[in-house]
Amino acid sequence: MEMASVFTLNVRLDNIAIITIDVPGEKMNTLKAEFASQVRAIIKQLRENKELRGVVFVSAKPDNFIAGADINMIGNCKTAQEAEALARQGQQLMAEIHALPIPVIAAIHGACLGGGLELALACHGRVCTDDPKTVLGLPEVQLGLLPGSGGTQRLPRLIGVSTALEMILTGKQLRAKQALKLGLVDDVVPHSILLEVAVELAKKDRPSSRPLPVRERILAGPLGRALLFKMVGKKTEHKTQGNYPATERILEVVETGLAQGTSSGYDAEARAFGELAMTPQSQALRSIFFASTEVKKDPGSDAPPAPLNSVGILGGGLMGGGIAYVTACKAGLPVRIKDINPQGINHALKYSWDQLEGKVRRRHLKASERDKQLALISGTTDYRGFAHRDLIIEAVFENLELKQQMVAEVEQNCAAHTIFASNTSSLPIGDIAAHATRPEQVIGLHFFSPVEKMPLVEIIPHAGTSAQTIATTVKLAKKQGKTPIVVRDKAGFYVNRILAPYINEAIRMLTEGERVEHIDAALVKFGFPVGPIQLLDEVGIDTGTKIIPVLEAAYGERFSAPANVVSSILNDDRKGRKNGRGFYLYGQKGRKSKKQVDPAIYPLIGAQGQGRLSAPQVAERCVMLMLNEAVRCVDEQVIRSVRDGDIGAVFGIGFPPFLGGPFRYIDSLGAGEVVAIMQRLATQYGSRFTPCERLVEMGARGESFWKTTATDLQ
């Protein structure tokens, strides 16, 4: 069967060729290897038509140019040589586009990422729209790869090596105005005249490359280059802790191209692409990408969601303010905040103002757009304006009676169809719904702090929650820009349940004499964004530890914290960063110096602060308890799948993405090896390390959680 055409060529009366990109039946344009023959056929036609004056590439999709290459192609490669051949094919096609004797212009609207930007870089000029949907970037590093179709060679020559390195090493996406300022595009125009401007550019001679800033020219020379790569290498190593091989290869490949010429650069790029595609880190990162894409498509239940036209929020504190912001400014829904104090409402409104004003200052948002978004948020100290709200999110104190009272008030003051969603982190949803007249419309909706940054939400139905309530809440979470996982109504839900033993073990090692900074550094080296002690300071020691007694009551002594340690810290009025007193010292605002541990913490908890464990030993103790608890959560159906478990850990607590999540990590070690490590730790440190039955059985049978080590889902 012949493949439907993705690239369509039309020649205008003025002899400008328009190549329209439109992958049939797909929302996004992505590049696949099988499109190569189509592109070559079009290039042949372009070369044969001697009347042509220029060429314009444009997308038929309403919100994307090309979103990148199809990642499934990489998963289908069995060897580094196969993946390298893919890169070489991409490089060759881009070279053929660039070698056309007439001007070739990319007319960009919407996402222009990865292979899409590499195609645009192969063109002689680029014009893009000023639409917020228009972003340009090379995000391959986030999949453990590097740009494989010439991006590592063309970008540094176009915008300068230091700017290009920042883009490629971080996967950073640029808005239109930023891209223009850096010289990545030649013009930024309204969408309505994009094609017209691109055509006019194609009629001129090839756009001459803009001279690079003096700084970039110095850094491109041998001395400047040596200094730059040394500095960037050091900074990158500090950031990645050596856990992401792609960053090292990016530096190596870009430097090769600059020092030895583009031919050597392209060779190095293709070779590195092939080798990186086979690394466990890239396989794990691609698995996270596929899993998160699947989760975002998951409706949560079979029932159709109810309409969502407006939302109410109870409580204007830190969480309430954050939830109001994502509901109004991301989901675009009108929000009404109720707080018993006018100050609470002001706090919540200021929260959104601060977020939006920051965007205005960075020129990511117009002041008029800020005002429009803020106008969606209103406040009240009673239930006026709540009568027709479709969903109410409760974000009040963690007190069961108070939350039950909120349910009663909402049922009394809101419509019969209104859903009550509690942002509790520790109280059973079934208990919150115990006295409800419409328990089927009560559900848990657990956000993580800070709300605007943390991508995960846990959606917690109790036994009586209806399928439609689940579907509607999932729909809201997605509108808010969140990745939702549906979890069972058991103590701690999923994320806090696997996090608690990890934090507890860190505190226990403190009491044994390990130093705060050693414990934190060990877990950062392992791959977490921050260490467990610093995390406790950031979240709030009072907030972070209040769930421990709840978990201990539900699951027994494996959740008990070291005796009196937490109470000693809290009794000394240490709540962490929020009150400037925690495990670390907090000086003046704005100081970026390295965090210092408060030496008073050691006598306070009766410890010496003289460690004996190596960094891997520290990490092993914390992580093994987390893995064991994650397996219990699968066994007890707290999570619906290992996919949700991996996504929940990576997006909810920063489990190292390059390991793919707890279940991928267990598979990579082997369940038998995990059991052996835990049995050794149980002998050394006690029964809390006893591996759970499911893990022991899987180890004995040589089973894994994922059916395959490839990136496809089960």
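Using N, Cα and C of the backbone, Cβ positions are placed for all residues, glycine too.
Positions annotated as region 'Enoyl-CoA hydratase' by Swiss-Prot: 1-190.
Feature annotation from Swiss-Prot assigns region '3-hydroxyacyl-CoA dehydrogenase' to 306-714.
What Swiss-Prot records for E118 (among others) is site 'Important for catalytic activity', and it gives sequence analysis as the kind of evidence. When secondary structure is read from DSSP and collapsed to three states, E118 (site 'Important for catalytic activity') falls in the helix class. Cβ neighbours of E118 (site 'Important for catalytic activity') (same chain, under 8 Å, six or more residues apart in sequence): G90, M94, L138, P147, S149, G150, G151, R154.
Positions annotated as site 'Important for catalytic activity' by Swiss-Prot: E140 (among others). In this structure, E140 (site 'Important for catalytic activity') is part of a helix by DSSP.
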Cβ packing number for E140 (site 'Important for catalytic activity'), 10 Å threshold: 28
